[in-house]
Amino acid sequence: MKIKFTLTQLFITIALLSFTSFIEGCSKKEEITGVATDLFQKIPKPSIDLSAKHQGDEIAGRYIVLFEDPSVTIESTNESLTYEQSTEKSIELARQLVAETGLKAAKVEMAFGSVLTGCVLSGISKSDLKMLEASKKVKMVESDKVIALKPMKIKKCHTASESVPWGVQRIGGSRNGKGKTAWVLDSGVDLGHTDLYVDKVLGKNFVDDGADEQDYFGHGTHVAGIIGAKRNHVGIVGVAAGAKIVPVRVLDFEGIGVLSWVIGAVNYVGAKAKKGEVANLSLVTPASKCLDCAVLRASSKGIKFVLAAGNTTEDANLYSPGRVNGSNIYTISACDQMDGLAWFSNYGNPPIDFAAPGVDIPSTYLNGGYATLSGTSMAAPHVAGILLLGSVKANGVVSNDVDGEPDKIAHW
């Protein structure tokens, strides 16, 4: 496998498109514009001031550093170390690096010690950066960048009875997902949603705001429902109904985060998830060597990663982590109800493996509710649900695929 890396400014695209369609059986409709702050009286804010930041903005003096020497990879030195112990070991290595390179103002913000060995440093000047890049212990250095989503404008509604969304029907229907585990790396999950089985023990928050894995933005909850909403006579049914959802939060209440939080989350999943479990990343960013490396290494442990192709109507090879290819990595484009490639979907084969429903998809939402969204972010979890219970097959291909190689439509 060969991956071409290019360094470009980071931005992230999550499919949150305005829509006018509603869930079948809805008795009440409500339009929400912007952040769902009305649902929570007290919303945590990150210690890093991201309020005035834009997509791709570099965080001054903050860098992601991966170590060069494979002998310092924590898992290679002692397989019995826990995630917490390996993180502490990596913090020690990071402090040693800071001392050896004479970075007097540097601060170790976080560390990776499982599938990756590295750290995040702040307080790095231009001269410090040159010393870091010259160190024989450093494999790569990337500037940490802002992930910023536009405020959501969606339609929220309440269901009168349980329904099977068209997307779930298109991939072959819902199956029993009890006993299976899906990791959702996103804005968190509505922890009290009665239509979701959420693992609050394994869940983790990487947003630096002192909060838990509660979703304050809505996107992660929507993704989770597509994967595993329960068959409980209310709301909607997911692809792998009743599957356990582990929320790994990387975006704050405004849908803003940083690249290092996502990398830290992938590292965490690589340490905690079991072989055969599935991780969904409905996140798209221009090329990031560090993020690609994290996904490759975590997937090599037998964890299946499902990645959104992106919504910029471009070649998916331009974006991470969707451009990564591997035996346990699946990049997903979006199709509509007519089996056409969604107008917004990225394209390219490779890296795209399958298309899945991604237009007007109803699912779970904040405050125990339901909503409809569109995007490759919604397509990816359909495939994640299938992979929880077996392999992905094809049932037809999309029309209007601009690359001339129609994507296969995912099916049981």
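From the backbone N, Cα and C atoms, a Cβ is placed for every residue, glycine too.
TrEMBL annotations: computationally assigned, not manually curated.
Some features that TrEMBL has for this protein:
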type	residues	note
ACT_SITE	ASP186	active site, charge relay system
ACT_SITE	HIS219	active site, charge relay system
ACT_SITE	SER377	active site, charge relay system
DOMAIN	183-389	domain 'Peptidase S8/S53'
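Taking the features listed in TrEMBL, we show where each one sits on the structure.
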residue	record	Cβ neighbours (10 Å)
ASP186	active site, charge relay system	32
HIS219	active site, charge relay system	28
SER377	active site, charge relay system	32
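In the three-state DSSP assignment, the secondary structure recorded for ASP186 (active site, charge relay system) is strand. If you measure from the Cα atom of ASP186 (active site, charge relay system) to that of HIS219 (active site, charge relay system), you get 7 Å. Here HIS219 (active site, charge relay system) is positioned 9 angstrom away from SER377 (active site, charge relay system), judged by their C-alpha atoms.
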